[in-house]
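Accompanying notes for the structure given below.
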There are 4 protein chains.
Amino acid sequence: MPLSPDQLAEIEAARANPLPTLRATSPGMEAHLYRAHQVLDHGFIRVVDYMGDDAAIVQAARVSYGAGTKHVQNDEGLIRYLMRHWHSTPFEMCEIKLHVKLPVFVARQWIRHRTANVNEYSARYSILDREFYIPAPEHLAAQSVVNNQGRGEVLTGAESARVLEMLKSDANRAYDHYEAMLSQNGQLGLARELARMNLPANIYTQWYWKVDLHNLFHFLRLRADEHAQYEIRVYAQAIADCVRDWVPLAYAAFEDYRMGGVTLSGKAIAVLKRRLAGEVVGQVDSGMSKGEWREFLEVWG
Amino acid sequence: MPLSPDQLAEIEAARANPLPTLRATSPGMEAHLYRAHQVLDHGFIRVVDYMGDDAAIVQAARVSYGAGTKHVQNDEGLIRYLMRHWHSTPFEMCEIKLHVKLPVFVARQWIRHRTANVNEYSARYSILDREFYIPAPEHLAAQSVVNNQGRGEVLTGAESARVLEMLKSDANRAYDHYEAMLSQNGQLGLARELARMNLPANIYTQWYWKVDLHNLFHFLRLRADEHAQYEIRVYAQAIADCVRDWVPLAYAAFEDYRMGGVTLSGKAIAVLKRRLAGEVVGQVDSGMSKGEWREFLEVWG
Amino acid sequence: MPLSPDQLAEIEAARANPLPTLRATSPGMEAHLYRAHQVLDHGFIRVVDYMGDDAAIVQAARVSYGAGTKHVQNDEGLIRYLMRHWHSTPFEMCEIKLHVKLPVFVARQWIRHRTANVNEYSARYSILDREFYIPAPEHLAAQSVVNNQGRGEVLTGAESARVLEMLKSDANRAYDHYEAMLSQNGQLGLARELARMNLPANIYTQWYWKVDLHNLFHFLRLRADEHAQYEIRVYAQAIADCVRDWVPLAYAAFEDYRMGGVTLSGKAIAVLKRRLAGEVVGQVDSGMSKGEWREFLEVWG
Amino acid sequence: MPLSPDQLAEIEAARANPLPTLRATSPGMEAHLYRAHQVLDHGFIRVVDYMGDDAAIVQAARVSYGAGTKHVQNDEGLIRYLMRHWHSTPFEMCEIKLHVKLPVFVARQWIRHRTANVNEYSARYSILDREFYIPAPEHLAAQSVVNNQGRGEVLTGAESARVLEMLKSDANRAYDHYEAMLSQNGQLGLARELARMNLPANIYTQWYWKVDLHNLFHFLRLRADEHAQYEIRVYAQAIADCVRDWVPLAYAAFEDYRMGGVTLSGKAIAVLKRRLAGEVVGQVDSGMSKGEWREFLEVWG
């Protein structure tokens, strides 16, 4: 259970007193505010604040493109046009702030998205809780044999049990020793900034993360993708579900052009044109490497 | 008059219908929303949206520093601590979106602040209005003789009149020709992206500008400073007046530590310590250059 | 002629004394160093410094992907893989510094690429030269009738002559008055930071611009594209010619995947698959808007 | 010993063949290139590439400030002027690329500096080595009693021995199990991206890190400071030693104005002025909080 009764009471208190505002307001997002969406065994994401809505994107675009855009297109068409042509600045006019609880090894991938603002729980100042990510058995998989980084077959039986046992016992021993090192029971107690080094990468941390919608879409494209590691993908998907309710037109355009789209190289365009003209093209005469050709076939058969 | 009746009606309409929100709300900022604050002869700034308040800064800091911060300090003390120690990330948790109308030469300075989001009116798509910044006579000044970039004595009489006449007539002639080049009255009409090149740098443009509070403070420190060019300083001051109403605690800390503060070099510290010990120190034995020494005396006498 | 004899002598002096270095060195780029490539009537780009080469991209990628990448792929294949999968960080390991002379209206577009370092000539400190961009007659075109921002038919005869006359005479008058306002001949002389506001957007400025290869590719994709304004496109193309000599493998991948590639939406993929299966698909049953369909046909016929 | 014989041989090979270049070259930095400077027990930093030197900073500044700067100041004076007035863009014209091997908990602090380029060793693709940071006994300290985050008294005797024993045995057990989970000896073997979660934060990782000089100075100011955690401070100091040899004038200005300087608030200025006028001022009539006053006394006595 990711939230304590105190935290739940705090959430309900925060939701109890709506105030009047003149700002752009998204009813779909108001319903999410402060509420925790559980992710993995002890994690969550929750929306803490947001700025803007679909109309704010349109408004910023109309400032840029002036009177010319006023009558020709409805909001949906304009948003699709912006997405199609990589006009990213109007999407930057929306902003979201999330509170996220996540394992450290997920946080390490996440933080590589640099264009965002972060306040993370500091283990120099404070003591971390005894909470570790232990994968569900169906997510314990072997190294992929076709992909240098992904997962393949799911582990079963004795191997699965043995892995879970190691993860659990090592996490607990590491935490026991963390506590023992910090302990001032007749001792000085090791500084927090040092004791934390004993903790494994599946311990949970938390942070506030604030990002604009353009950069969030970039994050979602990479991290909600099926090639992303499962443990970050579920966070991306939980966020995506909130974004859909926040800016439905922008999210629909994102789904069509980014999540559901592909990028073709000049070589791939040439092959498709030859195929459309009835020609049968193989890897050797495609000009592509074997790897490129395999990826091409995954989409086009 | 910077706003047309249509624009004023639009502002009043936008202000007419408050909606309930669960987000952090700043009463001081709600009073500013959408209202234009006039700057220079035809410019303005107005707040279009905001995210967060003083409490949001504190909340983010408490996530970082954990339970340790809960009881020791009130909000004001914590905000001052963050500002004093350059802990900038909690201030990044607040965001503001402004609509600004400003001369192009001011926009060119402003845009150098890169960590912000911008949607500017596009003169490729749309036609610019006939609005130019013409300085008030008391702002027509000579090049400073002590400062490589600033202004010195105010121009008077015939010189002032002659300068104003040149600025006005050149602006109008440039705009007449801009219109004539665009004209399709029996002609093709020059493309907007080309015709705009005839317009001088005092023509007004406008944009939406979105920035987090930390980067906004950095902007204000540089641009509300007395060494900044007058024409950008008045924009910075108008924004500062809104920020004071938005996040009064953060703004007070900013005023004390940044606007009212100074940075001392190791050499300057050494001189002050010698002075405190009763010694009389001159430039030659200060280790400073003449320029540094002059700047030192400006603060310390 | 963009360069004075003094400047040319300076360039030859800078090229006269090669020094030994242990850094990664690109022979193709050494040949460009300091040499000005003319752009437009008075502009230029020249490479002032660079960091890295194709091998540096590969080296950074191999740090990330470890021993697994050592034997399976040659450098070209690895670079193409990185480009295809949007693995942008290895390209960020190369850096280029350019000296550019360009009209102000081009600079205003250019500066919107925020992830770069810039030092621009300051008209607050120094006096601008009397150099203006005057388009060649074949580049004086009308507003496009199919595109909200582009150019259409070329102007001819009297209209063209009249436009050129306006551009030239307004530029010269504006500069005459700029000089007159600055003049201290029996006067105070207006401050430079004010006098500059009289100058039109086709006056030349210059700057040092430093950017990493990933962000440079992004710039080139948008600005060397046929939809970019001609006056910035020629700068992008001149830079592209240097990049090709600097990092030939990376540039070839960029050309295939970015400049020569397209992005397809989910809807467009579905239409192409139906076509490949022999179906005839029209706009109405494509699910696309008329605008999207027109753009789709431009690529696929 | 952080480097294997293979790695040392690679370094010597890389240093064996200087090539001629026309670029700005820093003899002090050439001597460092590729050579590893040991940090902590298994870590290092080494310079892999650099761009620019002191003269490049001056050159960029002179582009900005034009002819006005040509005769009045020597290079050292100009660089000090830029540093004193926070004119940061000329320092951005220099760039450095480092190869760093560091414990994960140090990497997690380091990565918070967002304006940099990073390629980190990926534990999704590759297997980490059995190398852990184990503090030397003299660096095992208790939590500070005056500072919420720092270290206080050094641990001794049994407590120290017990802590070291825990750190060593937990690290080795975690790594044993990491290997066991990966093992395909009659098993599928757990995917690398999952197995890594068992490893503690004192395991070593490595990355290429590229940053401009302005942002590097910001990093050094925060991380070479005595309040920074010891384990990141030693990295910052090793880098600082290279920077001193690379851009001696810029580094000297940085030392005087940043490392050796202080920032005074408006309140602190007022107190110092009263003291200079002979007044005795205490905390109560200083307007400062107790915390501010304590920090003030640390500098001024």
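Note that the numbers count up from 1, one per residue, in the order the chain is shown.
The backbone N, Cα and C atoms fix where each Cβ goes, and this holds for glycine too.
Automated prediction, rather than curation, is the source of TrEMBL annotations.
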- Item | Same-site dUMP binder from C:Arg80, C:Arg151, C:Arg221, C:Arg223, given that TrEMBL records C:Gln109, C:Trp110, C:Ile111, C:Arg112, C:Glu120, C:Tyr121, C:Ser122, C:Ala123, C:Arg124, C:Arg196 | C:Arg223
- Note on the structure: DSSP output for C:His218 (FAD binding site) maps to helix
- Task: Give the distance between the Cα atoms of C:Arg124 (dUMP binding site) and C:His113 (FAD binding site), rounded to the nearest whole Å.
- Result: 23
- Message: Neighbour count first, Cβ atoms within 10 Å, every protein chain included; then name which of C:Ile111, C:Leu213 tops the list of binding-site residues.
- Response: C:Leu213
- Note on the structure: DSSP says C:Ile111 (dUMP binding site), in three-state terms, is coil
- Task: State the three-class DSSP label for C:Glu120 (FAD binding site), counting H, G and I as helix, E and B as strand, and everything else as coil.
- Result: strand
- Message: Roughly how many Å lie between the Cα atoms of C:Ser122 (dUMP binding site) and C:Thr89 (FAD binding site), rounded to a whole value?
- Response: 33
- Cβ-based proximity (under 8 Å) of the binding-site residues C:Thr89, C:His113, C:Glu120, C:Ser122, C:Arg124, C:Arg223 to chain D, or none: C:Thr89, C:Glu120, C:Ser122
- Note on the structure: Cα-Cα, C:Arg223 (dUMP binding site) versus C:Glu120 (FAD binding site), nearest Å, comes out at 20
- Taking C:Thr89, C:Arg112, C:His113, C:Arg114, C:Glu120, C:Asp212, C:Leu213, C:His214, C:His218 as the record's FAD-binding set, what's the max Cα pairwise distance in Å, rounded to a whole number? 27
- Integer Å value for the Cα distance linking C:His218 (FAD binding site) with C:Ile111 (dUMP binding site) is 13
- binding-site residues (C:Glu120, C:Arg223), the one with most neighbouring Cβ atoms at 10 Å: C:Arg223
